[in-house]
Each structure stands twice: as structure tokens, then as C-alpha cells.
Amino acid sequence: MAKGEFIRTKPHVNVGTIGHVDHGKTTLTAALTYVAAAENPNVEVKDYGEIDKAPEERARGITINTAHVEYETAKRHYSHVDCPGHADYIKNMITGAAQMDGAILVVSAADGPMPQTREHILLARQVGVPYIVVFMNKVDMVDDPELLDLVEMEVRDLLNQYEFPGDEVPVIRGSALLALEQMHRNPKTRRGENEWVDKIWELLDAIDEYIPTPVRDVDKPFLMPVEDVFTITGRGTVATGRIERGKVKVGDEVEIVGLAPETRKTVVTGVEMHRKTLQEGIAGDNVGVLLRGVSREEVERGQVLAKPGSITPHTKFEASVYVLKKEEGGRHTGFFSGYRPQFYFRTTDVTGVVQLPPGVEMVMPGDNVTFTVELIKPVALEEGLRFAIREGGRTVGAGVVTKILE
């Protein structure tokens, strides 16, 4: 049941915690809600236990455990995701189930960067998480300040290795647990009253300042994946679908992109929603778009309508992929180069051939891998586009386009 209406007064930003197991991601997530709630009555506190038993979600046919919390600062409203397990992070980031405008990388000062620290930074780079802020946690467990400097240098180096600006990324040192314990003792602790709580404020300030407010979907170039096509006698051909981004109105020029050998231009002669005429369709709307001079045969499900020049059709790309385990309903066996499944982009399946990278003989269920795909038909592709890999209608993997080759 919804608790009151969501009033949009502040810009909205999606963030999440990433980092190695047991470095304190969930404790930090809980601390953020408590600290923000002390200064803002709209924020609901969430304790460690509530966040840790993250509910299951499904995204692109894959089950993922993700916890969502919300909090706000004086400047912005945040949605924050936290995942209990490492595999959940991989699945979450690859499916884009929880898109992040920026990530909070949690690193334990006692351990320094660990294998999953590296893996999550790499994933963030591949799936296009644009900004990272670092919270160096558990600093109360380290007596030597030089050791803290060393850990900070290591983290900055690691970020640089994966093309994040490691030298300018904010690194905040604190203890999520000590901050949370203080908030449990006194839930009204304000900024300036406790050194550990102040570290959480320092992190919130860094998120406010360093992670820019994203461009809203409605301000991006128009794109609508075509779901269905039909003819209105005497008026022409209508393509229906949900507008992914941008807006569209009568008189706009659009391109029909993908599946066909040629991209063709046409003009929008009508926009309708639930059989009513619409002045303008915007991102998120389910609409029918009437297209001038286009026959029923010239547009089909799986193509996209887009602002001219904003997206192009391609057949060959590189992708970062998560292959489902047998227990997740995936394949029971591995696959090799030459594997030919269906790639489900937006609204349609297209067959493609997989080429594994040099040195990788075989990919097993449960693996996270980067490989090249060549599709048998062109599809409107761009970096960051998510897809499912299917065999006979069941999902066996999920991926994201990391590089377009041709």
C-alpha cells in the first residue's frame, strides 16, 4: 500500500552500494537512512535485518535479490539499491534491474581492496555506471593512519586502472557500524554532534556534489520500440509501443531502424493513447504512432522509431554477459564459440553467433564473461543496451552491449 503521494520537489538520483562481501555495504545503507531521517521527517529508517533479507525480483527472466531504500538530503531525493550476494550484483548490474547514476564503493580499511572490489569496479565500467564515490569503512579498526593512506592509494589506483578518475574521486573515511550504533542510541543525532555520524554526512555531501543529476529520459532523443503494428482504414499504419525516451508529436520526422536492410524516414501524422488523440507522447507513455506513407509491411515488431540520426542498426558487438546457472533455469552444460542462441533486444529475438575471446575455450553456467556476437539481422544498437539470451523461449543469460563493432 502506498504511503501517501510521491511529491516531486527535489531532483531524483539512483545510487547503490558496491564492493567486496562483508566490507559493510548493508550496514552503511542502514546508516544512511538513519542519519538522513534525523534531519528529514520524510525518510523512513531501515535496519540492517530489513535490508539484508532483500526480496526477490525478476528482471529479463532472471531472479535477483535486491533491497531498495530511499532517503533524501536538503538537495535531492535518492533511491538506493543494495544486494546481499555477489552473484546478485553481477545480475543486477548486467540486467540493469537497478540502474545507477552513481555508485558508493565500500572498502574495508582493515582489508583494503579485495577481488570483488575489483570485479565490481570493472562491472561498473562495463555497464556504464558513470560516477563512483568511495566510503572507506571500518577505519576504527586501523590504528596506523599511514595504513589508511595506503589503502586509499590502492583504491584510487584501482579506479584509475578501470578508467574512473581515481585521483579526483571523493574518498570518505568512517565507520558505518559506529554511526549506526550512535543512531540506535539517539535517533535524533544531528550533524555536528557525533564524529562518526558526521562521516556519513560527509558521504551524503559527496554524493550530492560529485554525482550529477542525470538527464531525464524525457529530455533524451526520441525512441520507441515497436511492439505491434496495425492499419487504420483511410488513415494509414500505426506502430504501438512504450516510449523509452524523449517525446513525439504530430509533424515530427522519425526513422524506422533495425531488421530491414535500409533505415527509412517518415513523418508522424498522429499520436494516440487509449484511442484518444494526444498532443505529445512522452517517455513512459504507451502510445500508437501514425506514420505517413508507410505500409503495414514496412514496419514490424522489433524495430524502433527514433529521432533521425540518434541510433543506427548494427550486427556485430561486444557484450558483458551473465550465464544463468542450472538452478536458475539456465543451461545444464557449457557452450563454445559458434553457439547460436536468440538475443532478445527490447521487443524481439534475433539469432546471433557467439565468438568467445582468445584463451576462453568454453563458458559454463554461472559465469560472467565478455564475448562478441554477430547477429543475422541488424538491430538498433547502442552501448549500454541490455538484452536477454534465450533458447526456445527460455532465458539462459543476460547481457549488456559494451562496444559496437560493425
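Note that Cβ sites are derived from N, Cα and C of the backbone, with glycine treated the same way.
Segment annotation: Swiss-Prot labels region 'G1' over residues 19-26 (candidates 19-26, 307-314). For the ranges 74-77, 82-85, 114-117, 390-393, the feature annotated in Swiss-Prot as region 'G3' maps to 82-85. Looking up the ranges 13-16, 137-140, 161-164 in Swiss-Prot, the one annotated as region 'G4' turns out to be 137-140.
When the ranges 1-5, 61-65, 91-95, 141-145 are checked against Swiss-Prot, the one recorded as region 'G2' is 61-65. For the recorded site, Cys83 (GTP binding site), the DSSP three-state label reads coil. Cα of Val139 (GTP binding site) to Cα of Thr26 (Mg(2+) binding site): a distance of 17 Å. Residues near His86 (GTP binding site) in space but far in sequence (CB under 8 A, at least 6 apart, same chain), listed by position: Val21, Gln116, Glu119. Comparing the binding-site residues Cys83, Val139 on other C-beta atoms within 10 angstroms of each C-beta gives the minimum for Val139. The number of other Cβ atoms within 10 Å of the Cβ belonging to Thr26 (Mg(2+) binding site), over all protein chains shown, comes to 24. The sparsest Cβ neighbourhood within 10 Å, among the listed binding-site residues (Gly19, Asp22, Lys25), is found at Asp22. In the predicted model, the region 'G1' (19-26) shows an average pLDDT of 94.
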